[in-house]
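A short worksheet on the structure shown next.
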Amino acid sequence: MENFQKVEKIGEGTYGVVYKAKNKLTGEVVALKKIRLDTETEGVPSTAIREISLLKELNHPNIVKLLDVIHTENKLYLVFEFLHQDLKKFMDASALTGIPLPLIKSYLFQLLQGLAFCHSHRVLHRDLKPQNLLINAEGSIKLADFGLARAFGVPVRTYTHEVVTLWYRAPEILLGCKYYSTAVDIWSLGCIFAEMHLVCTQHHAKCCGEHRRNGRHSLCPLCSYLEVAASQGGGMTAVSAPHPVTRRALFPGDSEIDQLFRIFRTLGTPDEVVWPGVTSMPDYKPSFPKWARQDFSKVVPPLDEDGRSLLSQMLHYDPNKRISAKAALAHPFFQDVTKPVPHLRL
C-alpha cells in the first residue's frame, strides 16, 4: 500500500470505502477499494481471494479493469482503473433535460457487450445498479464490481449500513430461488434501461393529470417550463425548476414484498402459463393479488416499438425465456447505434 497515495474518498459502496488514489511509481490515477471484512472471521476468506483473482483475467473495454489485489494482514484492497462518474450521478444531473436516445442506446449496447463477455466466461454480477456502472468523458460505460457478489456475498446493508436497493433485483431472487443464472443480470439491466428514459418531478404526474382532466389542452406549468428551458438551450438547472426534478426507477420498492408487488402491478401477476414453475418457488404465495399486465407504451412512454420489444424481452418473467446479452446485441433496436459523447459535469 506504500505505493499509493490517497487523493480523496469518492464513495462508500456495497463492499467498502472507495478512494481516488495515485500510484507513486507510475503516476497513474486509480480507484482503490478497501473491502470491509467480517471482524469475526480470521483474515480474508480464501474463496474470496480465488474469486477476485479470476476477475483480473476479465479483459474487456466495457468492464472496469481490476489492476491489482493487495492483501495485507486482515485488510484487502482492490485496485481498479479510475473513471470519472457513475451512471446514477449522471442520470441525476440529466434529470431536467433527459438523456439523449443515441446516448442511451450506446450505453445499453456497451453494457450488453460487457455482460455477454462475462457471461461467456460464466461470471455473473448479481448486483447491477446505476451506482456500479461507470462512465468517462469519451462516451464509454463500464461494468464495475463484477464478480464481487460471488466473492463476498450480496449483503443486506452497505458499508454505511444503508439498505442495499432492491429496485434492480430479478423476481426469481425475490421469490427465493437459490439457483439462478445469467438472466438475473439481464433483468437488472432492463430496469436500468427503462430508468434512463424516465424523468419525473415531485407532483408533476398529479399536476399534469389534473391539468388535462380540467379540459386544458395546453401544457401544464412544469411542461411549459421544460419546453422553455429546452428552447433556451437547457441552461436552467434542476435547482431552479418549479419542483425538484429527479429520475424515476421502474420498480422503486422499499421492501421485498413491495418490490414484488410493484413488478406484478406493471407486468401482471405471474402464473404457470407465463412462468412455468413459479407457483412452486419458496416465497410464492397463492394469496398474491392478481394484477393484469400494463401496456408497455404507457409504462415507458419515450420508448419506440423496437425499444419496447427489447425491454419486454429483458423483463420476461421466465428466466429461461429472458433474452441473453448476446441475442440482445442483435436486436433491431441497435441497428443505428453510434457512440456519442456525454456532457459530464466533473
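A Cβ is built for glycine as well, from the same backbone N, Cα and C atoms used for every other residue.
When Ser46, Ser218, Ser287 are looked up in Swiss-Prot, the one carrying the note phosphoserine is Ser218; the rest have no such note there, which does not rule it out for them.
In Swiss-Prot, the annotation phosphotyrosine falls on Tyr15, out of Tyr15, Tyr77, Tyr159, Tyr180. Using a 10 angstroms CA-CA radius around Asn132 (Mg(2+) binding site), the recorded positions that qualify from Met1, Lys6, Lys9, Lys88 are Lys88.
Between the CA atoms of Leu166 (site 'CDK7 binding') and Thr14 (phosphothreonine) there is a gap of 13 Å. The C-beta environment of Lys88 (site 'CDK7 binding'), restricted to residues of the same chain at least 6 apart in sequence and closer than 8 Å, consists of Lys129, Pro130, Gln131. For Met1 (N-acetylmethionine) paired with Lys9 (site 'CDK7 binding'), the C-alpha to C-alpha distance reads 16 Å.
DSSP classifies Lys6 (N6-acetyllysine) as strand under the three-state reduction.
Classification of Leu166 (site 'CDK7 binding') by DSSP places it in coil, neither helical nor stranded.
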